[in-house]
Amino acid sequence: MSFRRGVVRQSKFRHVFAQAWKAEHCIDDVRVSRVTWDGPLCAVNPKFTAVVIESGGGGAFLVLPLNKSGRIDQATPTVCGHSAPVLDVQWCPHDDNVIASASEDCTVKVWQIPDGGLTGPMTEPVVTLEGHSKRVGILAWHPTAFNILLTAGCDNLVCVWDVGTGELVYQIADAHPDLIYSVSWNREGSAICTVCKDKALRVIDPRRGTVLKVKEKVHDGTRPMRAVFLSDGKILTTGFSRMSERQLALWDTSDMSEPMAVQEMDTSNGVLLPYYDPDTNMVYLCGKGDCTIRYFEVTDESPYVHFLSLYSSKEPQRGAGFLSKRGVDVNKCEIARFYKLHERKVEPISMTVPRKSDLFQGDLYPDTASVEPSLLAEDWIAGQDAPPLLVSLSGGYVGAPSKNRDTLRNKPKLSSQGSGTDSPPIIRSPTLRLTKIRRTDFHRSNVHCSCFSAQASLLFLLVSFSSVFFAAIRP
């Protein structure tokens with residue numbers, strides 16, 4: 001019937017469910033930083049997990065192999081080259097061993113982590129970037145150009161660096177009149193979007209330093225906001241309403257007069273941190289101090305932002321790390337993984353699509369961004385843009401061994417009994433017959449051994465009884 005059409009929205013991500021890993025797979029005794037900064041405090045890539053931790057006399061963060069679990073000893077080496085608390089860490093998307101850290105000491109440092117993790121405290125960075133006059137709390141690597149890093153600090157400056165030379169190539173000084181809350185690159189790396197304490201959303205060309213679009217009062221509340229570029233050029237923002245209700249809004253950069261969609265959630269005080277997956281077009285919202293993770297799907301159909309579900313737990317989160325798509329387990333149909341920060345624990349949470357088949361699910365895993373950059377730093381500085389290079393996740397897929405692999409390798413021959421008859425062919429399997437014969441022989445041998453053991457035991461009892469009897473009647 002026609003009245004049922006459109007009641008249920010068709011989507012392969014409608015039944016995504018979140019599941020926390022068991023306690024033995026968590027990381028325990030991690031002293032997560034208590035710094036008063038609304039950042040994730042954690043960064044994850046397919047090789048390592050980095051967590052900002054408490055440190056006396058400076059700033060430090062912990063780097064562990066991704067498969068590390070269990071209790072972390074207090075003597076575990078850390079990256080401890082900052083003279084003030086670390087506010088943000090971000091892994092380079094084009095080198096899984098390179099990580100950048102921003103600190104209250106007004107510097108940004110880039111580190112080279114050896115394969116296998118740290119063997120001792122690391123105090124000397126590869127390069128130190130000095131250009132901010134106040135603390136630096138935002139880092140954003142360029143998505144396609146090699147060695148291009150963006151930083152933003154409390155001095156209202158946005159700086160773009162060439163990490164390979166340590167040179168400051170661009171600086172945006174006049175675009176923001178107040179504190180910058182977040183910065184996000186678009187998919188090609190040709191523009192950035194920022195949100196500021198003046199409640200305005202800006203789209204900026206970082207190479208020319210010009211503001212392309214401005215939207216005043218994206219959210220009416222005074223609490224911090226966040227913004228992230230989507231793969232199709234739209235912008236998703238999180239913030240607060242005038243009544244302190246947390247909101248999510250979707251904006252079309254071609255017409256920012258009104259939002260495409262607005263959703264109100266609750267009245268909590270935690271800042272919503274958006275994590276966007278361009279492959280599935282899903283957005284995950286983690287609030288600092290919350291016990292939940294909400295996830296939405298963004299589509300071209302009204303109302304454009306569709307709520308899917310939420311993960312709820314008993315303990316609040318102090319931050320969260322979002323694993324790159326190259327690190328998820330495609331064997332289990334895992335499409336995303338979070339590393340939730342507790343007060344003294346790091347807990348992995350998997351987002352999974354339920355599927356019955358053991359085969360690689362190509363519709364869940366489109367080609368994702370590769371570790372190879374599309375451009376060199378000098379090419380992007382010269383004005384070139386390019387989309388990210390893509391790689392298939394099926395190359396890293398290890399299929400489960402087939403239960404019938406021997407049968408499939410040696411297919412039985414078909415033969416028919418008699419001639420001129422319509423009887424169906426009979427499948428003759430000599431391997432199966434041989435297995436039956438061996439099992440029968442083994443059973444018979446067991447029976448013979450059991451009978452022999454029983455006879456020997458009876459004979460032993462008779463001999464023992466006779467010796468006792470004759471000893472008793474002997475005068």
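Every residue gets a Cβ built from N, Cα and C, even glycine.
TrEMBL entries are annotated by machine, without manual review.
These features come from TrEMBL:
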DOMAIN    5-70  domain 'DUF1899'
REPEAT    79-113  repeat 'WD'
REPEAT    129-171  repeat 'WD'
REGION    402-426  region 'Disordered'
COMPBIAS  413-422  compositional bias 'Polar residues'
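DSSP states for the repeat 'WD' (79-113), grouped as helix (H, G, I), strand (E, B) and coil, give 0 helix, 22 strand, 13 coil. Averaged across the repeat 'WD' (79-113), the predicted model reaches a pLDDT of 96.
Using DSSP to sort the residues of the repeat 'WD' (129-171) gives these counts of helix, strand and coil: 0 helix, 25 strand, 18 coil. Look at the domain 'DUF1899' (5-70): DSSP puts its residues at 3 helix, 24 strand, 39 coil.
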